[in-house]
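**Q** According to Swiss-Prot, the protein has these features:
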DISULFID  CYS73-CYS86  disulfide bond
DISULFID  CYS168-CYS179  disulfide bond
REGION    226-294  region 'Disordered'
DISULFID  CYS297-CYS319  disulfide bond
CARBOHYD  ASN377  N-linked glycosylation site
CARBOHYD  ASN409  N-linked glycosylation site
TRANSMEM  422-446  transmembrane segment
TOPO_DOM  447-888  topological domain 'Cytoplasmic'
DOMAIN    506-782  domain 'Protein kinase'
BINDING   LEU512, GLY513, HIS514, GLY515, ALA516, PHE517, GLY518, GLU519, VAL520, LYS540  ATP binding site
MOD_RES   TYR672  phosphotyrosine
REGION    857-888  region 'Disordered'
Amino acid sequence: MGCSHRLLLWLGAAGTILCSNSEFQTPFLTPSLLPVLVLNSQEQKVTPTPSKLEPASLPNPLGTRGPWVFNTCGASGRSGPTQTQCDGAYTGSSVMVTVGAAGPLKGVQLWRVPDTGQYLISAYGAAGGKGAQNHLSRAHGIFLSAVFFLRRGEPVYILVGQQGQDACPGGSPESQLVCLGESGEHATTYGTERIPGWRRWAGGGGGGGGATSIFRLRAGEPEPLLVAAGGGGRSYRRRPDRGRTQAVPERLETRAAAPGSGGRGGAAGGGSGWTSRAHSPQAGRSPREGAEGGEGCAEAWAALRWAAAGGFGGGGGACAAGGGGGGYRGGDTSESDLLWADGEDGTSFVHPSGELYLQPLAVTEGHGEVEIRKHPNCSHCPFKDCQWQAELWTAECTCPEGTELAVDNVTCMDLPTTASPLILMGAVVAALALSLLMMCAVLILVNQKCQGLWGTRLPGPELELSKLRSSAIRTAPNPYYCQVGLSPAQPWPLPPGLTEVSPANVTLLRALGHGAFGEVYEGLVTGLPGDSSPLPVAIKTLPELCSHQDELDFLMEALIISKFSHQNIVRCVGLSFRSAPRLILLELMSGGDMKSFLRHSRPHPGQLAPLTMQDLLQLAQDIAQGCHYLEENHFIHRDIAARNCLLSCSGASRVAKIGDFGMARDIYQASYYRKGGRTLLPVKWMPPEALLEGLFTSKTDSWSFGVLLWEIFSLGYMPYPGHTNQEVLDFIATGNRMDPPRNCPGPVYRIMTQCWQHQPELRPDFGSILERIQYCTQDPDVLNSPLPVEPGPILEEEEASRLGNRSLEGLRSPKPLELSSQNLKSWGGGLLGSWLPSGLKTLKPRCLQPQNIWNPTYGSWTPRGPQGEDTGIEHCNGSSSSSIPGIQ
């Protein structure tokens, strides 16, 4: 610029600086250079501007206590806030700032350090704007934090980035129709092809988000301490060919000498860098140029009144492509203004003098923000551990259990002992005697109960199926089902909308395994509304011995499953609750559970891998879609794991579905979700707050999904291999996390670690998880990653994996028996031999050794009966009086 158009006089201690060179770059306005005199080329006179950024005149008093939170003061768009806006926004808080009114510091907030020490500074960059037809999600701004040493009275400059503007609502009726989806680029540009130099389409993209910067002055030059980059703006519409896009990780610069260049751009502007210069109106301005956001492209404003500008902090203005995000280095955007080209995020920065506290993560969905708080220095403590006492404005050392802090606030002293050794000895002897008596009483009761249960036949899938098919009716009352002398169970009325299936229309075929409440069978059902052909289903039943609470839990599971309707959640076909036994009919998932499928799909040396990385990503995407549906319906599953996910088939057209809303035992009992007592906790799938405090939120399932991802990409291995539940609890409580599975792609493992954030609010929701999995499916490096080759045969990681998953493939009835109201009432009986056809052999005896089996999933003991006990399976030293039908 020439002095004939503008002349800036910088008055400071060193003298006067004149602008007379066309290549001159405006120097950064410092407090020592105020007041400023501006020469107006039209009026040709000097007008003084009052000094408002002088450090000695700052109004915020020293000694106030934090934390201090700085925001945009209600400002939005290209320009920053004013002093009046910030005075109103910070009313009632301890934050007092001075806002620049002119020059490069216009909109920048100046704050003084209240005391010398270390401070934790957390910065949030602003998000990018949404496109007209690309509005499902916006590009998140970057968050990061670092620790810096600041001195009392030192001025700190805070530039809070503002969100890039959205394309909608537009500025004209035609653009508003595009926003509503009632018009497109072809209709709105009809007739403009003959205009010379006019492009077919312009506008509809979102502006880039502004960067949030914290800096100070060194020798009159700005020195950035922390820069949180802004998110890029979304394009007019989503990319039609998603296979060529890939997720870009958050970028961080830590070199002080690194260039702060601006992003490349075309019709849409790139984001500004720390030392860049804007070469077009659409490009974002650097802090040296006032940090304003770039303007929307002129073609878009002339055609349809689009005006999506970049946010304050250097966000690039939009055209059809999205604007680039601001940062230490600005984000690029499309130079050819493609309709589907999103603007890129900027690059964040941490000065080498600071200590990075949290890695950058794209989380901000709106305007930027800055939080500054005192960071305690624990170097003087003997155990290097302390807590900040806000009331005393000091760090108090933490002492281990059994000691207390001395008056010097440093030394840990042993607690005084008041009890004499004689009293302690007496207490120990009394406790030992009481423990011995209680142990003897427990052993006596256990012995008596074992003698009473000796020879009792435990129910199994074969026995329960035979009872359901038997015509003999037992009339003895079941004390666990109803009280002696009362009438049989009354029918349960169903809520509206649920399909009632008559027991006469249900045919049992074979046993599939054991569920949460009873056996699960494969069968056929007829007579459904709108379908006359038999439909294969999975039938869940209540066991013979059940309490009233079990019946209520069974009904609750039926109501929950019937409520959901999603392609990735097992569908409820119908219910039968008018007579005992109660039945829940679910769609049959012939592919089995995901854990078993993954274990049997492990590639071996010299064999072609049955699965690809695309197959594993598809399984993860299916379950994530089901979890997203549950999250939108405010439902917390609490037990997302591979064992609870079912597959429609084992072939290439498989679909994974969430199939357990009560299959884990006691999942609806209150004790299941409490720590301690007789609880069943899936320790290896639960976050720290659920294990330690019993807190469950929507982010509980996010943690569990991260563990499920680990199971999928390890091909069915048990999480935290080789560790007990207590070791896992200690492991995650101290901030440790699992290593990636063998050959796991980096972007997939990053999703796992984001799901395993210690703070629940930092974990992504399932909408973000789905978006990141979609990026992985478009990354060639991820898709071409090889699967780990299993060197040997498949081993059982846990003994309990063989329990409850028995598949009786040969168990077939010679003739399917309809489940009539007469034979449904039979829960006992032994007339099984009559079902054996000629030429069929009985089940070969198997030995069962007495043992207790540890369940590594839930942390519970599952007892097995002693040898010779009749458990519904033939033994080595005896034969049953009845045979299992259909075994050859």
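Note: Cβ is positioned from N, Cα and C throughout, glycine not excepted.
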**Q** Taking 10 A as the limit, how many CB atoms besides its own sit near the CB of CYS86 (disulfide bond)?
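**A** A 10 Å sphere around the Cβ of CYS86 (disulfide bond) contains 25 other Cβ atoms.
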**Q** Counting only residues 6+ apart in the same chain, whose Cβ is under 8 Å from the Cβ of VAL520 (ATP binding site)?
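**A** For VAL520 (ATP binding site), the qualifying residues are ALA511, LEU512, GLY513, HIS514, ALA538, ILE539, LYS540, THR541.
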**Q** Compare the Cα of CYS179 (disulfide bond) against each of the recorded positions CYS73, CYS86, CYS319, ASN377, GLY518 and report the nearest.
**A** CYS319
**Q** Under DSSP, is ASN409 (N-linked glycosylation site) part of a helix or a strand, or is it coil?
**A** coil
**Q** Highest CB neighbour count within 10 A among the recorded positions CYS73, CYS168, CYS297, CYS319, LEU512?
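**A** Per the Cβ count, the most surrounded site is CYS319.
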**Q** With DSSP, how much of the region 'Disordered' (226-294) is helix, how much strand and how much coil, in residues?
**A** 6 helix, 6 strand, 57 coil
**Q** According to DSSP, does LEU512 (ATP binding site) fall in a helix, a strand, or coil?
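**A** For LEU512 (ATP binding site) - judged by DSSP and reduced to three states - the answer is strand.
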**Q** List, in sequence order, the same-chain residues at least six positions removed whose CB sits under 8 Å from that of ASN409 (N-linked glycosylation site)?
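**A** Within the chain, ASN409 (N-linked glycosylation site) has Cβ neighbours under 8 Å at THR394, GLU396, CYS397.
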**Q** Return only the integer: C-alpha distance in Å from CYS86 (disulfide bond) to CYS168 (disulfide bond).
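**A** Between the Cα atoms of CYS86 (disulfide bond) and CYS168 (disulfide bond), the distance comes to 28 Å.
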**Q** Taking only the Cα atoms, work out how far CYS73 (disulfide bond) lies from CYS168 (disulfide bond), in Å, as a whole number.
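**A** For CYS73 (disulfide bond) versus CYS168 (disulfide bond), the Cα atoms are 23 Å apart.
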**Q** Would you mind ranking the recorded positions CYS179, GLY518 by how many other Cβ atoms sit within 10 Å of each Cβ and giving me the lowest?
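**A** Selected from the recorded positions CYS179, GLY518 on minimum Cβ neighbours within 10 Å: CYS179.
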**Q** What does the structure give for the C-alpha distance between CYS168 (disulfide bond) and GLY518 (ATP binding site)? Integer Å is fine.
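**A** CYS168 (disulfide bond) and GLY518 (ATP binding site) have their Cα atoms 55 Å apart.
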**Q** Hey, does DSSP put GLY518 (ATP binding site) in a helix, a strand, or just coil?
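**A** SS state of GLY518 (ATP binding site) = coil.
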**Q** Quick one: pull the CA-CA distance for CYS319 (disulfide bond) versus ASN377 (N-linked glycosylation site), whole Å only.
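**A** About 49 Å separate the Cα atoms of these two residues.
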**Q** As a test of the contact definition, list every same-chain residue at least 6 positions from ASN377 (N-linked glycosylation site) whose Cβ is closer than 8 Å to its Cβ.
**A** GLY117, GLN118, CYS386, ALA395
**Q** Measuring Cα to Cα, how far is CYS297 (disulfide bond) from GLY518 (ATP binding site) in Å?
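**A** With distance taken Cα to Cα, GLY518 (ATP binding site) is 66 Å from CYS297 (disulfide bond).
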